[in-house]
Structure formats: C-alpha cells, structure tokens
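Here is what Swiss-Prot says about this protein:
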- His78, Asp110, Glu174: Zn(2+) 1 binding site (BINDING)
- Asp80: active site (ACT_SITE)
- Asp110, Glu146, His363: Zn(2+) 2 binding site (BINDING)
- Glu145: active site, proton acceptor (ACT_SITE)
Amino acid sequence: MPADHHAPDAALRLAQDLIRCPSVTPEDRGALDVVADALRPAGFAIERPVFAEPGYPDTPNLYARIGQNGPCLVFAGHTDVVPEGEGAWRHDPFAGAVADGMLYGRGAADMKGGVACMLAATLAFLDRRGADFGGSIAFLITGDEEGPAVNGTVKLLDWARRRGERFDHCVLGEPTNPGRLGEMIKIGRRGSLTGKLTVLGRQGHVAYPHKAENPIPGLLRLASALIAEPLDRGTAHFDASNLEFTTVDVGNPATNVIPSTARATFNVRFNDDWTAESLGAEIRRRLEQAAGNAVRFTLDLQPSNAPAFLTRPDAFVTLVAEAIRAETGLTPTLSTTGGTSDARFIKDACPVIEFGLVGETMHQVDECVAVADLERLTAIYGRVLDAYFPGS
C-alpha cells in the first residue's frame, strides 16, 4: 500500500516503501520513484538526471525544488544501499518489517530512514505553512553514494550549478548518532589520502645474500619513519591525523628466495592542518630522509577527492542544535569523526551539517532503527524548517 504522506506515521511508511526497493548500489529499483511520488503532489519541480562515466554504471539521481526566492535549505541523502550480506536476517532485508518497536531492513539507518524523515518533515511543514513560506526547499538525492560515488552527488551539484541553482545551507541525513538520537552533529570530516610504497631490491637465493638485495629491511625502515612521530597534535575541532598501514606484500611464496620488491599500502585520515598536497609532501620528505642513499623506493599517492573540511559553528549550526535539544533534551556534540561522506562535495556549494538517525547497525545484518526515532527525527527536521523559515 502506498504511503499516506500526511499521516502521523508518514516517516515510517515512507521508510518502509524505500526499504522495499532493493536498491543495492548502483541499482535504483524504484527508490527514487518513492521520493518523487512523495514530493510532486506538494508542488515540487522534479528532475531525474542520469550521469555516466566510462567504466562505471550509469546512475540515476533526483533533484527537487519548491520556491525560487529567499534562502534555500537543502536536504541531501542517498537511496542506494550496500548488499544485504551473507548472514541470516531475522527479517527479510527488503521487507521493511516492524517488530518490537524497531524497523528492520537494509538502509533503515543508512539512510533510507533519514530520507523518509526529511520527506515527512517537509510535507508536514508545507501543510502548515503552504507554498509561500518565505524561501525555497531543495532535495539532492543520489543513487551513487555507497559505490564509487562518481555519478552521484558530485555530478548532481555540478549539474545544478550549471542550471543556476544556488543553495544557502544543507542538512545531510547520514546516521550521525553513535547510540542515541540527538548525541552528535557532524560539522566536518577528516580528509583521506592513500599511498602505495614500493621498495626496490634484487632477487636472489637466500644462501647467497651478497648476490641479492633484500627490500624487506628497507620497507621496515621506511614504514617506521612514517609512524615514528605523529603527523600533528590535532586542531580545535579535529583529532590528530592518523596514518595506518593496511597491506604489506612481497609476492613471494618461496622460502628460499629473496624477493625483488616489497610493497605496502597505507591510508591517512587527516585534519584541517593539511591539504592532500601538503600532506603528500610531508610523507615524501620523511621517506627520503629515512631512505638516504641506502633504500630505493617509489611512492604512488592516489588522488583524493576527500579533503578535510569544517563547517564553522555559526548561527545555522546553533539552529540545528537547538532543534535537537528542544526535541530530545540532549545537547549534541559537534564532531568531525568518522569516515567520508557526500558532505565533502556539498561543502563547495554551501555550508553543510550532517544529522540523522542512530547508526549503530548500519551495514550490518538486521540493520534497524527505532520507530520512535523516526518520529523524533521528523520532528527535529520540522523544527529546523520552522526556525529557518520563521515567516512574518
């Protein structure tokens, strides 16, 4: 049964409709139709651009807007989900089952539940205020966030910019709360930089080491140089940058052969002390200093589309925090922890904060959210809309 978008349980019904679309990235399977069908009767103009990139599947996206004047508040999110996995679910991952006060399904937390709350809050706001509310509301919803994210928000924003669309602030509905709704607003994200380090040696028999050059001691030496000293001590809103080695490999199954190369991969999550360029220069400096003339190496730093960024705690952040406090009684922490999100693209268009449901079970078997949290998050988004567009 289609959701009654104006019922008290509209967020739950919309979330169920979305979950019942098995939109494992990059498939849509009707998920964006659910969004469009909710917004179109309220007067939103709907666009459905599909973006392409060689080597990647074409991906549908949705842009919706009501109003052309005044400040524009954007709700952003994604309707694609990760695969359901191989574990046994207590409930069908694409049924949207409710049991013991919990909504189960892939995407319940990340982030079909958040999208549903945005939709329900906006429709209720328009019911209260009508179309002449003193501004504009837009939706940026992609089907390419859980995948490579090349045909999603980054291209949708460029498409909107070329059409002359302008935005003032954005709420991205990612599941930001660790354990309780209202705990945390994300006001920024760390950057991400991946490096591939290769130390060059000369293959030979282990019984004749003088005729070979073992690259493994050199790799250990260079790896130690990267982690011996902290990259920084952290900043006002960010923890210290962190470098982690993720793979080490010599490609050598033989026990009597000295390998010709030794490779390691690492990833750095970095704060706003650095850009990808300045961090790359520091990494190379440390390696060259440690290598001297004794170790031959190559370094491949993968281009990063995830710089560190911060949305300064200003009046908009305060507005959202006050809406959360009014509904939950909690004062949210302003955080920059966690991985990357599409906020890294949105921050170039307008200030962006992230606030959504509890993410404790996202990407897990039996992903679920509390039905009561869907209602509370809808109310929080409603308070944000009322405060952002106070009217006369």
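The backbone N, Cα and C atoms fix where each Cβ goes, and this holds for glycine too.
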DSSP-derived class (H/G/I helix, E/B strand, else coil) of His78 (Zn(2+) 1 binding site): strand
Binding-site residues (His78, His363), the one with most neighbouring Cβ atoms at 10 Å: His78
Sorted by sequence, non-Asp110, Glu146, His363 residues with Cβ within 8 Å of centre, Zn(2+) 2: Val81, Val82, Gly107, Met111, Met362
From recorded positions His78, Asp80, Asp110, Glu145, the one whose Cα lies nearest His363 (Zn(2+) 2 binding site): Asp110
Asp110 (Zn(2+) 1 binding site) and the residue listed as 'active site, proton acceptor', Cα-Cα, nearest whole angstrom: 11
Distance [Cα-Cα, Å, rounded] between Glu174 (Zn(2+) 1 binding site) and Glu146 (Zn(2+) 2 binding site): 12
Winner by Cβ contact number (other Cβ atoms within 10 Å) across the binding-site residues Glu146, Glu174: Glu174
Env. residues of Zn(2+) 1 site, Cβ within 8 Å of mean position of His78, Asp110, Glu174 Cβ: Gly77, Met111, Gly114, Glu145, Glu146, Gly173, Pro175, Ser341, Gly356, Met362
Least buried by Cβ count (within 10 Å) of the recorded positions Asp80, Asp110, Glu145: Glu145
Alpha-carbon spacing, Glu146 (Zn(2+) 2 binding site) to the residue listed as 'active site', which is rounded to whole Å: 7
